């Protein structure tokens, strides 16, 4: 491609940069006083105490000594005409000389024409300036953002309560020069290149514009290959189309690359800046910037012949344009450093003008009004009564779905006309007494913030409602009715003192803007209304439309949808994975460790590693075991994959997709203690890594897109496999089995565990193209364990100690969460200060947590009162949040304390000091105790690492089991660990992370388990001798027996125990047959037990678990076939349960008179405190009756040979029971 255009583009870009430098230099020291030399005629006001224009320059002492209005109220203002558009950088005020009249707060408005004012804003809110405290001192304010305007208006808000409004003012700034072009909607400027094709790698386009039209093309350029760039207004927003690829569709069918701005048809200046370098584009409208990347292969924008500004002319058809032209003014239009308007003004040959383009901005004298209050705003305008017919038209814009637009009492008794907005639709009703004579509905979604025109006409008993003449709308509706024009027209609402016949408003008042009001074909002068000479009004802003788009920028986070009314916005968080007023809070936990802490077992979960941060949730598998909590992320190719025909010229590559972004995976890995991936390479005459110094034949790509020539089991930087480190490879001359290049299949398998390189994203294989050469590879899932942050804790042991971190930056949303435990009465958890703003969390009393925050509107304090003490040395959870909608505080599971945030005034939280944790900058009110798992806006603070270098603070905090020990069930023991706790299930018949998983087995005929009591057996490495011992010489005074069973056989011997003291105990399942005790035991012993037993426990021994888990080391003997199985799978039928309870004081009492008795037989010893529960299962409508038989007898143990018995063929009368027995034996 020709390099000349590229060189030209680089030079013009350089010129553009130089121009921006020069422009900045001309505005340096822009602080000249502008009002001191103005004539008295340059000052005007809403009213004047002196009756004439009072000059009100700063330090003026002559005359009235400044300005005071005739009445001191909220409708007064003082205005200056500065002669030309100037740049205003500061203002100053005084009170009126020699008086007690001064203003204590005020706002500013600006205008180019003295009409259509714009309020000065900071932080997207109408700014209130602090005024004076006396009549003589000067209060000076430098504007955060300079303003370019000709007119400035001071609007007093508050004043000295002992005096009146009084002001002397000064405005500071400098002259402002600009090049302006006015486009009438049928014109454009064409900038023609010096060559046929302009190809640019970089572009900078800047301009300002103002318009009353919501649609129109600002500029356009295209090339024959399909490249194009277009900037156009669409419904008051700016859409940028940019295409660098000739395969993309043309402008007419392609969606915009980016859309920015809102309400840009307000006849105020808006700035635009487009910066492109290759495919990367920055698009800025006013203060909002959107970054995007264009699609396609090319980096250059190729434009043929010309760029057009103001419209897209059709070649060969003068005055014809492809799309609607821009109608308004453009200022300081620069394309890659070229001042387009300056060239046009000087009639340079590069510029061709289509239609009528002038070089001064024509300003339509249109006066908008704003209805501020939804209950009290209204505008009264007079009509011409008794005219046969009616004609009313106006334009409106609003965000509210409902509101009264117009109400008038018609003459000649023809009824009341009511025009309203209901559900976004315009509704016209003419009502006479209780009779509704006409109704018309038209339009939809008219609360979209755009201008809509409405016209009502009635002529010769035909009424017509027209909505948006030039927009798509339903057909005009007409209804025959005889009406006469009314005397008074109420717009927006009704005064309180009127009857329904004079002004009818069945819904709330209108909040929004109106303009161009015509009654009986006469334009109404709204400035006369403001001056009090026409009609009446309440709660109106006249001569400005103060509509605000609360969804720009969109403060709904994580892709939440924003909707708004006139006064507020709301967020739709559906399908985002987040919740809360601004979709800030993640629905998911940050790790598998947290899910385990909540009592969850293994399964698929979503984890959100950065909580409320920008990263979305990632689906993982949490394998929660007794030992570790593994987090696994599967990829798209976990099967063993065979490879043939790959060589260095045509390598085999496979990319792995984990179903999430690399940032999500990195966050998960970085937050874990250990991560690994198993890699396996099976080979036959296919080499893997070559020699340590040679070029590798196979490598893998990690997280940073870097090649890694080491294999599983070897550390980074060593081009070896695991067998090379162990010196166990097939050929000692090589460092991998596969590098021996054998004809037989072999493999190299191991784990990659260097976290900074994981996960594996791609594998490349190059040595499978030789004769009989073949390989197969498999890369396992990414697996991690250990949450580095959930148990990250510190202990503060002096009140003066604290940890400090960088400033907490959370302008719009702030969430803070942590655990604490303490015995102190009070103390500050966390504090961060700004110049005025601050944020603080503290335990203010033993039962109160306080969250205090100030964003510039005064402190807000939330307090949660706990019914129980919080300084009980137990872990407690705190979560505080502040966003643009609400401030909230949550403590443990107590009710959440919430307070709505005002959407006016300051809303940015601006902090600048260090963040103090566990104390304050004053070293007072410090916290004594422990803080754990501190998160700020999803970011995890490493408390332990900071505590290592801080006096008065220790890393870690023991005592987790005191709070969380109850999570270990069924006799499991909570074991304290440095990072959390675990459940020791050694003495429990259950297992699993919480000792809740049953251990069960199927007993066939002839199967039995015998446990011999002896010294403790070592089922765990670090268990105390007394933890699970039943000694042979022990004579316990109490037996605890618990188990569950499923069987279809009775009688059955479930459990039999005998001791050296010739005591014995038997648990039998028998029919309701009257047999002797010895014969019953003997019969059951012959039958044995056929069925399923689960979770068997006798005192501190779990014999069934010992047989299944520790058969080689436990004193247990298994006869027959014992098969581990879930008892729940044995009975696969609908079950109805009846539960009966026997009191130990009446073991022979009836529990259900419709069923046989449940018998308990006692020996000489007493049965004390036993609670016996019998569960009867009814299956397939055949009732099986279970009798529990407990037998304890003092005699020598008789050994009976068990006889095999098959399962009954019919399982319909099977029994499933949970038995929990306690028996106290006394001599």
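Even glycines carry a Cβ here, placed using N, Cα and C.
Note that this is a predicted model, so its numbers are computed, not measured.
In TrEMBL, the transmembrane segment annotation falls on 1166-1191 of the listed ranges 1166-1191, 1192-1217.
Secondary structure counts, DSSP: the domain 'EGF-like' (547-584) has 0 helix, 10 strand, 28 coil.
Among 547-584, 792-957, 958-996, 792-957 has the largest number of CB pairs under 8 A with the domain 'F5/8 type C' (30-174). Sequence-distant contacts of the domain 'EGF-like' (958-996) (same chain, at least 6 residues past either end, Cβ-Cβ under 8 Å): 593, 596-597, 599, 601, 624-627, 629, 786-787, 790-791, 821, 873-875, 1019-1020, 1023, 1027-1028, 1042-1043, 1095-1097, 1100, 1102, 1104-1105, 1109.
Remote same-chain partners of the domain 'EGF-like' (547-584), defined as residues 6 or more beyond its termini with a Cβ less than 8 Å from a stretch Cβ, comprise 124, 261-263, 266, 288, 370, 374, 397-401, 449, 511-513, 606, 608, 612, 614, 616-617, 812-813, 815, 881, 883-886, 903. Across the domain 'Fibrinogen C-terminal' (583-635), the prediction's mean pLDDT works out to 93. In sequence order, 793, 794, 795, 796, 820, 821, 822, 957 are the residues near residue 930 (disulfide bond), counting only same-chain partners six or more apart with C-beta under 8 A.
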